[in-house]
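Notes to accompany the following structure.
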């Protein structure tokens with residue numbers, strides 16, 4: 001056996017840490033402007049409505065879904081530095097475009113849509129990041145590395161809105177640099193900050209990142225992305241085929257996991273406004289606190305799951321995570337007899353705005369700046385009578401809602417990490433770029449379809465149908481997991497090279 005040298009070990013982990021940073025910055029690029037998209041859109045193009053905002057938010061996931069398999073394929077045959085640098089450069093350029101969407105005299109909303117879609121396209125490098133980490137870690141290191149990657153992603157989602165809040169101190173007008181027609185205000189400064197972070201990331205990729213690959217027991221192997229002396233000299237023949245049944249199963253399970261979480265974050269605002277008669281401002285504020293706590297909970301879970309998996313194995317933890325998610329949505333079903341307060345005011349004055357199914361396509365943070373016109377001093381609250389189910393469906397108590405948030409915040413990160421870890425182990429030493437691209441694409445597709453699904457079912461049929469169907473989907477995924485349970489094993493274990 002060829003033992004890994006200390007120099008190779010340090011270089012390998014420095015490169016992995018650069019991948020952690022890339023994942024973090026990719027998440028920040030999504031979340032750093034998400035709270036200000038709606039007011040900025042209204043400012044630059046008054047013709048844009050709430051439905052167009054839904055498209056702008058979805059465009060990020062659409063861009064990522066298209067790009068992930070492409071960057072993954074690229075990373076299979078060329079040095080990974082190439083797709084990493086190109087994807088990050090696209091994100092930097094897209095952020096700069098976003099800062100200039102106010103300049104054209106017309107169609108500004110389409111420039112913003114293009115900018116956000118390109119940021120999502122650049123975020124397709126997530127597939128490259130995860131495929132590199134899978135190939136640069138041994139089986140014993142894999143779960144910990146995947147958990148760290150997901151934790152960096154989660155921290156990016158949490159800190160993005162924090163950065164945005166800090167930049168609000170600049171104000172809506174800010175400073176104008178007339179020479180290059182650049183406005184530095186609370187809307188443009190965050191994306192320019194994101195562009196600066198992207199440039200720093202590119203520099204670090206050139207300076208520190210190196211191609212490394214180790215086999216399942218940690219021995220140096222020659223990388224398929226060969227770069228001279230950066231790779232080891234152990235080139236092992238890869239015999240055996242990937243279990244494609246297991247691959248498809250994990251893709252489906254990952255789609256379900258991202259789908260139910262997208263439903264969860266999308267439904268938060270309309271559900272709490274309908275059930276607890278919260279105003280828009282209250283719903284944004286309280287849900288912001290709740291989801292921030294859930295985000296912190298997720299980061300803690302990412303850390304704990306690394307240690308737990310060594311004792312129980314990834315399959316058992318994935319099973320447990322899905323069970324927790326199932327219980328979380330089961331608790332959300334209306335069980336009592338008390339009906340929610342009805343928003344009768346809507347009948348008396350049709351000019352008063354209400355929450356529509358289109359608005360439900362937007363996560364809670366995108367509603368932050370949607371204020372009532374100044375001539376309306378009282379905002380109607382409660383469950384709109386236009387949603388017929390409000391008249392006969394029991395309310396979901398606040399204790400149910402908070403308990404569900406805690407359980408889903410526990411189950412989601414567990415399932416997320418275990419899916420990636422099992423997937424990378426099933427693929428084994430084979431090039432993983434394209435496969436990781438498809439897994440990322442399935443997650444992006446889930447984040448697009450989840451809000452559409454819940455907006456339609458919840459609006460027309462109510463929470464009982466919406467959450468019952470979600471429970472049914474999770475039950476189907478649990479049954480699938482039981483069927484393929486014995487196939488979800490590492491490539492090397494499957495072919496008897498190492499013992500499980």
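Even glycines carry a Cβ here, placed using N, Cα and C.
Copied over from TrEMBL:
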- 15-489: domain 'Major facilitator superfamily (MFS) profile' (DOMAIN)
- 17-40: transmembrane segment (TRANSMEM)
- 52-72: transmembrane segment (TRANSMEM)
- 84-101: transmembrane segment (TRANSMEM)
- 113-133: transmembrane segment (TRANSMEM)
- 154-171: transmembrane segment (TRANSMEM)
- 191-209: transmembrane segment (TRANSMEM)
- 245-264: transmembrane segment (TRANSMEM)
- 284-305: transmembrane segment (TRANSMEM)
- 317-336: transmembrane segment (TRANSMEM)
- 401-423: transmembrane segment (TRANSMEM)
- 435-459: transmembrane segment (TRANSMEM)
- 465-485: transmembrane segment (TRANSMEM)
Exercise. Does the transmembrane segment (52-72) make contact with the transmembrane segment (113-133) through 3 or more Cβ pairs under 8 Å, each pair 6 or more apart in sequence?
Worked result: yes
Seminar exercise, completed: If you count CB pairs under 8 A between the transmembrane segment (17-40) and each of 84-101, 245-264, 317-336, 401-423, the winner is 84-101
For this session: Would you mind giving the whole-number mean pLDDT across the domain 'Major facilitator superfamily (MFS) profile' (15-489)?
Result: 80
For this session: Take the transmembrane segment (245-264) and find every residue of the same chain, 6 or more past its ends, with a Cβ under 8 Å from one of its Cβ atoms.
Result: 318, 322, 325, 329, 408, 412, 415-416, 419-420, 422-423, 426-427, 435, 438-439, 442-443, 445-447, 449-451, 453-454, 466, 470, 473-474, 476-477, 480-481, 483-484, 487-488
